[in-house]
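One structure is given here, and the rest of the page talks about it.
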Amino acid sequence: MDGFGSSQAPAAYREVEWIADVFVIGMGIGWIINYVGMVYGSLKGRTYGMAIMPLCCNIAWEIVYGLIYPSKTLYEQGVFLSGLTINLGVIYTAIKFGPKEWTHAPLVMHNLPLIFMLGILGFLTGHLALAAEIGPALAYNWGAAFCQLLLSVGGLCQLISRGSTRGASYTLWLSRFLGSFSVVISAWLRYKYWPQAFSWLGKPLILWCLFAWLVVDGSYGVCFYYVKRYERRIGHDSDRKTV
């Protein structure tokens, strides 16, 4: 599966291919920082940071394009496998500490391992079906866009429904945002300099996905700021009452 490079690339793209490669590495760095930070924050706060369904979708995508349809580019393959490995730690912390976040829903609280197993299996078959329908190279990109939207919406909903920043931080938000934004830059370079293969990146649905992601992830930063400020105010008021 060719994700970001191919022997068929025109000369115009080959001149800027190294820039696209740098942003692919930037994507990997951003997401690895995010995953490691998520595991660390989960262990420290005894909670989990990524919403359940986005986590299942994300790890299923990494399995498909890290193991089943691996990239022909070594560094890209390394990014995916590194992310997959660390993501297993994210799932571990979610299963270990998730029950206390779901005391209001016993069915979820007592069945998190089963929910994760079924969720990953469901998204895994979905990604494979998409690859069979439109080909692995296209499905790789469309699947990534879906994962990103689901992750952004899930993260925002989790922050709002919890009314708390536990399991989250500015570092996690920014590393996720910068990692995903690196993908946007590399995709733009392919669209600009390799239109024969990537002109579809300028289609309305892709542009809508990009706009929706920017709005949702931008909103996450704003909501995080206000939730954090509320937590500080409540903590300050509590401190004054105990004096």
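Note that Cβ sites are derived from N, Cα and C of the backbone, with glycine treated the same way.
Per Swiss-Prot, these features apply:
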type	residues	note
TRANSMEM	19-39	transmembrane segment
TRANSMEM	48-68	transmembrane segment
TRANSMEM	78-98	transmembrane segment
TRANSMEM	112-132	transmembrane segment
TRANSMEM	134-154	transmembrane segment
TRANSMEM	169-189	transmembrane segment
TRANSMEM	205-225	transmembrane segment
> What stretch in 19-39, 78-98, 205-225 has the biggest tally of Cβ pairs under 8 Å against the transmembrane segment (48-68)?
Replying inline: 78-98
>> If contact means at least 3 Cβ pairs within less than 8 Å, sequence distance 6 or more, would you call the transmembrane segment (19-39) and the transmembrane segment (112-132) in contact?
In response: no
> Going along the chain, which residues at least six beyond the ends of the transmembrane segment (205-225) come within the CB cut-off of under 8 Å?
Replying inline: 145, 148-149, 152-153, 155-156, 159-160, 165, 168, 170, 173, 176-177, 180, 184
>> Six or more residues beyond either end and a Cβ under 8 Å away: which residues meet both conditions relative to the transmembrane segment (112-132)?
In response: 52-53, 55-57, 59-61, 63-64, 68-69, 91, 94-95, 98-99, 102, 139-140, 142-143
